[in-house]
Amino acid sequence: GDGCGHTVLGPESGTLASINYPQTSPNSTVCEWEIRVKPGQRVQLRFGDFDIDDSDSCHSSYLRVHNGIGPTRTEIGKYCGFGFQMDGLITSKSNEVTVQFMSGIHTSGRGFLAAYSTTDKSDLITCLDNASHFSEPEFNKYCPAGCVIPFADISGTIPHGYRDSSSLCMAGVHAGVVSNTLGGQINVVISKGIPYYEGSLANNVTSKVGPLSTSLFTFKTSGCYGTLGMESGVIPDSQITASSILEWPGQTGQVNIWKPENARLKRVGPPWAASISNEHQWLQIDLNKEKRITGIITTGSTLADHYYYVSAYRILYSDDAQKWTVYREPGMDKDKIFQGNTELYQEVRNNFIPPILARFFRINPLKWQQKIAMKVELLGCQFSIARAPKITMPPPPPPQNKNDDFSEDFIHSVKTLLQTDKTTFTPEIKNTTVTPSVTKDVALAAVLVPVLVMVFTTLILILVCAWHWRKRKKKTEGTYDLPYWDRAGWWKGMKQFLPSKSAEHEETPVRYSSSEISHLRPREVPTMLQTESAEYAQPLVGGIVGTLHQRSTFKPEEGKESSYADLDPYNSPLQEVYHAYAEPLPITGPEYATPIIMDMSSHPSTPLGVPSISTFKAAGSQAPPLAGAHHKLLSRTEGTSSARALYDTPKGQPGPGAAQELVYQVPQSVAQAAGSKE
């Protein structure tokens with residue numbers, strides 16, 4: 001009738017719509033669809049949109065569904081109404097259904113759009129469903145045939161995904177997961193949207209550029225969509241041939257040859273072009289062995305000065321390059337015509353559903369712009385034939401006169417069967433697509449790249465660890481530690497330049513029991529002692545401490561203070577650390593220094609009236625403070641025989657008038673002698 005709109009009736013599914021849908025259907029029109037599926041199956045019908053005028057109670061405008069076809073059909077239902085919601089499925093009782101649409105006099109009403117399939121497709125959807133209609137993050141649905149409709153839009157492409165407002169089934173056709181002629185199952189995955197959706201042309205569906213959306217969807221596929229080697233060069237030039245080659249002289253007199261090996265996608269330079277533009281030209285690719293081919297991508301010349309491209313073509317394939325088969329969709333009796341390019345730059349993809357299994361592949365241009373010129377890439381994956389089990393020939397029966405003819409027939413039949421087996425399964429052809437040099441380079445790169453990465457990673461880790469170790473070492477070095485150049489290990493090499501100890505004067509290291517430093521930690525003691533000692537003794541040699549490996553002139557106090565002795569590093573037998581400023585005793589001198597008696601009354605710098613005092617404190621007594629008096633020690637004499645001039649002027653003494661008490665400990669061995677002199 002004259003009321004039929006978009007219609008695709010497939011063997012298992014299809015789509016039908018009223019005329020002018022989704023606009024208002026015209027008055028006084030009629031259309032009738034007869035749907036048949038395989039015997040033994042039933043038909044189910046789902047409406048995607050239904051908007052038919054019901055002002056006259058379905059008298060002149062309505063949709064009627066019947067069981068069967070012809071005069072014997074029976075009515076299932078009659079429907080009308082504006083915005084009529086029919087969530088369920090209408091199911092037939094046989095494998096044949098008749099759908100009748102009548103449009104009377106009306107002023108509004110879009111008509112309807114419906115999809116059908118066999119009843120085993122329980123998850124049937126229509127061409128109008130999009131991802132926002134479903135809340136599951138992943139789901140399976142069945143798309144009917146005929147979902148490439150002019151009134152639906154999609155945005156996006158594979159592998160980035162499609163905008164959630166896009167038609168699921170139309171996007172599935174664009175992605176190459178279902179056929180517009182056959183329909184099919186889709187596995188949809190929902191994920192977070194992206195700010196921008198690209199547009200492209202694929203499988204006669206144009207995807208538009210789309211803006212930001214909250215979500216997008218992609219499809220799960222078999223994964224057999226890799227490139228087969230045109231762009232990468234895995235397919236050598238010798239395996240790319242053509243019916244003719246365009247040759248023409250350039251402006252410089254050089255001959256330009258647009259050879260078939262130039263027909264590599266994204267390769268810079270001219271494409272392949274035929275010398276004669278007619279429907280008998282072809283471009284042939286030898287894949288070297290049988291492979292599964294799932295798609296093809298084409299472009300034009302990609303040269304602005306040469307506006308050439310192929311707009312439509314056929315596909316032929318063969319196993320021996322002798323007998324060729326034209327590609328047709330299942331159930332169709334016509335060759336499939338693929339849509340090519342609409343300009344010379346854009347990449348256009350077409351998928352083969354089902355895939356092509358062949359070794360030789362031909363492109364036969366049917367329409368073109370000015371000249372036949374193109375670049376291509378094939379999509380697919382490896383395909384291996386399962387070998388049949390070998391047939392073991394049973395031993396022939398023993399010769400008998402009656403069965404001689406039977407034995408000969410049996411042996412002949414087995415030989416024939418073996419011969420058939422050999423010719424049925426073609427031997428596997430060794431893949432020589434990758435040249436030996438390329439193979440060696442790939443193997444070498446596969447070994448060197450991980451090794452180099454490991455070496456550089458190890459070097460970086462070593463540098464980082466060294467930096468952290470040095471930083472930690474600086475942090476752990478205490479404020480009171482001896483500097484590196486002043487530690488005992490460095491001075492051991494200086495023994496030969498310093499005065500040697502006499503064996504007869506061996507004694508234990510001196511232990512200072514000052515209450516002022518008893519609370520210090522072991523690491524603080526050496527610095528404290530050096531600071532205090534520096535006020536009363538000058539180094540023997542300027543710039544170098546000259547008292548190493550010598551005994552102090554101070555005698556330890558009676559008894560032992562556990563609080564200091566336990567922490568005193570000077571009493572450790574493992575580390576010899578000596579007072580840095582104590583003067584060594586003469587080798588022939590007494591064990592302890594003789595007390596120095598200062599006659600302050602006769603000293604020229606001493607005020608009159610000050611009595612002679614000792615610079616040593618008597619054991620067990622506290623020296624009285626000297627207020628307003630300042631005492632200087634006598635300078636050390638050059639000789640070591642004198643027992644009276646063993647101490648020098650205190651280092652850094654502020655001079656007369658300082659309020660600092662000068663107190664020395666009286667040696668124990670001369671305590672009585674000092675007392676008698678006083």
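First residue shown is number 1, and so on along the chain.
The backbone N, Cα and C atoms fix where each Cβ goes, and this holds for glycine too.
Note: TrEMBL annotation is automatic and uncurated.
Note that the structure is predicted; figures quoted are calculated from it, not measured.
Annotated range for region 'Disordered' in TrEMBL, selecting from 39-61, 545-567, 637-659: 637-659.
According to TrEMBL, CYS4 forms a disulfide bond with CYS31, chosen from CYS31, CYS80.
The disulfide-bonded residues CYS4, CYS31 differ in how many other CB atoms lie within 10 Å of their CB, and the one with the most is CYS31. For the domain 'LCCL' (121-217), DSSP puts the residue distribution at 11 helix, 38 strand, 48 coil.
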